[in-house]
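J.: Take this structure, written in structure tokens, and hold onto it; I'll ask about it next.
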Amino acid sequence: MSGSAITPWVVGNWKMNPMRADAKQLVQELKQLLQDHVIDESQCHIGVAPISLALSNVQAQLSAGNRTVYTVAQDLSRIAGTGAYTGEISAELLKDSGIDFVLVGHSERREIFGDSPAIVNEKVKNAIDAGLTVIYCVGESLEQRENGQAEQTVLQQICDIASVVQADQWERVVVAYEPIWAIGTGKTASPADAQAMHAKIREGLSQITPMGQSMAILYGGSVKPENAVELAACPDINGALVGGASLNAESFYKIAHAFANTK
Ligand code: 13P
């Protein structure tokens, strides 16, 4: 399977947004758009990642729609199972609530909340072992890019999880390449630069697992309707992890539409 034959994923990462009433309206509008202008499930996987408090509500609201839209957790505990861990939500508890997808290793978790590679590995392992699919985020800082270390940084992040993902578990890993300097800044990696990095990531994955050729590699960082078609046209960009633009139903829908129809 070549990169361009992979069903794309478009996932909205709502981060620490929005208020409850706005979340409800956002889901309602998205469902309506998907009902009025159908995007076939075989053309694009679609998911949204609300705050943990809203996971169940959003999931219930989405379940009444005319197509599957996955509900994705934004993070999980590095501790597995249940126990005296105040404030934490484990992989098993997510799974028990019917959540099958989780973001791990987002740069905001790594940079602001101190998620080291060791912690990220624990989270990946817990999620995969509990049967979740992981959207594993990687990406270099501006400084690393300017110092010519972008590729090395990202490939190291890919190699980091190789010790915790078993051979038969890679089918439950989706990679999201999000250059940190492109997140929330309005600056997008050029399609050529993004494609080059995605091809390197695929090469790196393929050295670890034969599934590397068929794994989805999403791009994230200021994706919007205006740049989605160009990004979707790149063979190794198999979808998008969308922040700001996912808080507007129409923008998010247009991005999903672009990937569904360009791929
Ligand atoms: P923006 O689309 O707002 O740049 O955020 C990207 C991101 O971090 C998604 O996880």
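Glycine residues also receive a Cβ, built from the backbone N, Cα and C atoms like all the rest.
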J.: Which one of S163, S190, S222 goes with N13, W14, K15, G184, G243, G244 at the substrate site, as TrEMBL has it?
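T.: Matched candidate out of S163, S190, S222, per TrEMBL for substrate with N13, W14, K15, G184, G243, G244: S222.
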J.: Rounded to a whole number, what is the top Cα to Cα distance in Å among the residues the record ties to substrate, namely N13, W14, K15, G184, S222, G243, G244?
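T.: Binding-site diameter by Cα atoms for substrate: 14 Å.
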J.: Where among the binding-site residues N13, S222 do you find the Cβ with the fewest other Cβ atoms within 10 Å?
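T.: Selected from the binding-site residues N13, S222 on minimum Cβ neighbours within 10 Å: S222.
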J.: Quick one: among the binding-site residues G184, G243, G244, which has the most Cβ atoms sitting within 10 Å of its own Cβ?
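T.: Answer returned by the neighbour count: G243.
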J.: Under DSSP, is G244 (substrate binding site) part of a helix or a strand, or is it coil?
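T.: Once the DSSP labels are grouped into three classes, G244 (substrate binding site) ends up as helix.
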J.: Cβ within 8 angstroms of the Cβ centroid of N13, W14, K15, G184, S222, G243, G244: which residues besides those meet this for the substrate site?
T.: I183, V242, A245, S246, L247
